[in-house]
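Here the structure is laid out as structure tokens; the discussion comes afterwards.
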Amino acid sequence: MSYLDTANSSKETLPLDTPNGREGNDHALRSTPTLPRDAPAKANSDTPALGKDSDQLQHIPAGVVGLMGIPAVQANATGPALTSANSRSNASSTMTAQLTPTATVTSTMTMSYPPVSRSERLLTQLPPPDRGPQAYIFLVCAFFVEVVVWGIPGAFGVFLEYYTTHGIGKHKAPANHTLLPWVGTLCQGLMSLFGPPLAWILNPRPHLRIPFIWAGIAVLSASLLASSFSFKTWHLLLSQGIGFSIGGAMVFFPAMAFLNEWFVKRRGMAAGVTYVGTAFGGVCFPFFIAALLARFGDAITLQALACASGVLLGACMPWLKPRLPIPTKRDLRSERYHDTEKRQDDMKRVWKNKGWSMFMISNFMQALAFTITTLFLPSYAASIGLSPSAGSASLAALNAASIFSRIGVGILSDKKPPHLIASVIMAVSAVSVFLLWGLASTSLAPLLIFSLVFGFACGPWTCLYVAMIKEVASDDLPLSVTLFSFAAFGRGVGTIITAFLSSLLLARSMKGAEAWTAFGVADGKFGSVVMFTGAILVVAAATEGIALL
């Protein structure tokens with residue numbers, strides 16, 4: 001029996017202004033112009049339709065919970081309003097209207113009993129998640145955010161070699177060799193550390209995410225521009241190191257928060273495609289920057305990067321936006337966004353979750369192993385007699401291999417337990433370090449093979465973040481954003497600690513090791529590096545295995 005037939009048989013209508021005439025959050029429905037009281041009794045097709053091109057569009061704001069916990073959704077009327085037989089026969093009585101799934105109603109209209117379900121009234125004209133041109137355009141823009149924000153810091157090794165050889169600025173001032181490596185370390189590590197503070201600021205204020213991205217683009221570009229005028233190492237530390245990391249964080253973390261809205265069922269795939277941008281930048285930027293430095297010098301190269309970064313990220317902004325409507329000021333004042341006690345309970349529950357705790361431990365260890373490997377690979381290549389271009393080629397091979405595995409691991413994480421995938425790729429990475437690097441990589445061909453295998457296995461680790469978070473937070477958007485920031489924070493700590501560990505590992509050489517192995521290269525200089533890297537990858541694989549139990 002239809003709602004209209006039920007209304008005719010029961011002869012009962014309930015005004016929306018009465019408690020029994022609405023359910024749940026129906027008080028959130030706002031008024032639209034009422035239908036004329038003297039409307040002629042015609043068929044339903046003659047009843048005025050509130051089309052999406054009409055000026056009668058309204059919103060369903062505070063209190064209405066949409067997808068992923070966003071409290072504001074927009075409802076457009078897309079079909080004709082239905083009227084009961086009783087109301088058509090009595091033009092002087094109050095018009096009785098049947099709600100369509102996306103129609104808006106007035107507080108003076110009455111609704112047939114029983115009312116339509118609340119879920120029907122929340123059907124909207126929002127873009128669909130996981131598919132459609134808008135979702136895929138957002139994915140492309142998120143990819144370019146990764147290319148710029150993480151690709152440029154990943155190519156700092158090229159700048160490091162140039163500053164060391166040619167000096168800093170147009171006057172070629174000598175670089176501080178102790179302080180200079182910290183520019184690249186802070187640029188990558190510090191950016192990750194800004195995740196939790198940004199989540200703390202933006203989670204209760206989601207309307208500030210887009211302004212933060214715009215501000216981040218300005219800070220990022222200005223930092224690169226300021227670097228072009230630097231003539232001392234500490235100038236670079238402030239601009240290319242700290243300044244770029246602040247701007248990059250302001251762009252990256254708010255933009256990645258939108259990913260959870262655009263992709264739900266295929267979130268792992270979306271993360272894999274997005275994070276390919278890091279590997280793509282790691283492959284392209286070193287050669288591109290090296291060519292510019294050789295022809296124009298550091299000042300013009302940095303100015304070109306500043307302009308290109310600002311233009312590319314600015315061009316992405318029209319599509320780098322949330323899928324769900326931004327909450328209104330009234331929504332933001334609601335208890336929903338400021339329920340501190342609930343958020344504290346959520347975090348306690350998360351940290352008591354064995355899977356998440358094990359993941360954070362292995363996440364830190366993977367960051368150590370991956371950063372140490374990429375840091376020492378070029379210098380190791382030089383120690384076995386290879387040219388600087390061969391060292392760059394080994395890094396390019398590592399990043400190129402991870403392009404394909406990032407997409408594959410992202411898709412796989414939508415279908416298989418992420419802890420299982422994490423354990424397998426960490427185990428493969430450990431084997432590649434001990435066997436391919438430790439025992440075989442004393443010439444170019446074995447070293448490139450190791451780079452390909454290690455990059456393929458260890459490179460896609462960050463693509464598991466969204467799957468790990470989804471296991472704990474489900475579709476709670478603020479909690480998902482917070483956990484993502486903590487995962488990035490752990491990785492940032494690992495990246496920064498690498499700067500201290502590197503000197504300790506190099507000081508403990510494995511003298512007496514066989515010279516035909518990596519353990520004995522340069523009088524055992526890299527032996528401790530290889531052993532430590534392989535060992536922590538074994539621990540990371542075991543940790544993820546424990547999470548499966």
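Cβ from N, Cα, C; glycine included.
Note that TrEMBL annotation is computational and uncurated.
What TrEMBL records for 1-12 is compositional bias 'Polar residues'.
Per TrEMBL, the feature region 'Disordered' maps to 1-55.
The transmembrane segment annotation in TrEMBL covers 135-159 (among others).
What TrEMBL records for 179-200 (among others) is transmembrane segment. Remote same-chain partners of the transmembrane segment (179-200), defined as residues 6 or more beyond its termini with a Cβ less than 8 Å from a stretch Cβ, comprise 149-150, 153-154, 156-157, 159-160, 163-164, 212, 233-234, 236-237, 240-242, 244-246, 248-250, 252-254, 481-482, 484-486, 488-489, 491-493, 495-496, 498-499.
Positions annotated as transmembrane segment by TrEMBL: 212-231 (among others). Within its own chain, the transmembrane segment (212-231) has Cβ neighbours under 8 Å at 148-149, 152, 168-171, 173, 198, 202, 239-240, 243-244, 246-252, 254-255, 298-303, 305-307, 309-310, 313-314, 317, 320, counting only residues six or more beyond its boundaries.
Only residues 6 or more beyond the boundaries of the transmembrane segment (237-259), in the same chain, are considered here, and those with a CB under 8 A from a CB of the stretch are 138, 141-142, 145-146, 148-150, 152-153, 156, 159, 179, 182-192, 194-195, 198-199, 202, 206, 209-210, 212-213, 215-224, 226-227, 230, 267, 270-271, 274, 302, 313, 320-323, 466, 477, 481, 484-485, 488. Taken from TrEMBL, the feature transmembrane segment applies to 237-259 (among others).
As annotated by TrEMBL, transmembrane segment applies to 271-294 (among others). Long-range Cβ contacts of the transmembrane segment (271-294) within its own chain (Cβ-Cβ under 8 Å, at least 6 residues beyond either end) map to 139, 142-148, 150-152, 154-155, 157-159, 162, 256, 259, 300-301, 304-305, 392, 395-396, 398-400, 402-403, 406-411, 413, 455, 459-460, 462-463, 465-467.
If you look up TrEMBL, you'll see 300-320 (among others) marked as transmembrane segment.
Here the domain 'Major facilitator superfamily (MFS) profile' (355-549) has a mean pLDDT of 89 out of 100. Marked as domain 'Major facilitator superfamily (MFS) profile' by TrEMBL: 355-549.
If one looks beyond the transmembrane segment (356-381) by at least 6 residues along the same chain, the residues whose Cβ comes under 8 Å of a Cβ in the stretch are 157, 350, 388, 390-392, 394-395, 398, 419, 422, 426, 429, 433, 441, 444, 447, 451, 454, 458-459, 461, 468, 471-472, 483, 486-487, 490-495, 497-498, 501-502, 505, 518, 521, 526, 529, 532-533, 536-537, 539-541, 543-544, 546-547. Under the heading transmembrane segment, TrEMBL lists 356-381 (among others).
What TrEMBL lists as transmembrane segment is 420-440 (among others).
The transmembrane segment annotation in TrEMBL covers 446-467 (among others). Listed by sequence, the residues of this chain that lie at least six past the ends of the transmembrane segment (446-467) yet keep a Cβ under 8 A from its Cβ atoms are 259-260, 267-268, 270-272, 275, 278-279, 363, 366, 369-370, 373, 377, 380-381, 384, 386, 390, 393-395, 397-402, 404-406, 408-410, 413-414, 418, 421-422, 425-426, 428-429, 432-433, 436-437, 440, 484, 487, 491, 537.
Taken from TrEMBL, the feature transmembrane segment covers 479-506 (among others).
The annotation transmembrane segment is assigned in TrEMBL to 526-548 (among others). Within its own chain, the transmembrane segment (526-548) is flanked in space by residues 354-355, 358-359, 361-362, 365-366, 368-369, 372-373, 376, 380, 383, 417, 419-420, 422-424, 426-427, 429-430, 433-434, 437-438, 458, 501, 505-506, 508-510, 513, 518-520, which lie at least six positions past its ends and keep a Cβ under 8 Å from the stretch.
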Original post:
Are there residues at least 6 beyond the ends of the transmembrane segment (135-159) whose Cβ is under 8 Å from a Cβ of it, and what are they?
Top reply: 127-129, 183-184, 187-188, 191, 220, 224, 240, 244-245, 248, 251-252, 255-256, 258-259, 262-263, 270, 273-278, 280-282, 284-286, 289-290, 293, 298, 305, 309, 312-313, 316, 319-321, 323, 378, 392, 395, 399
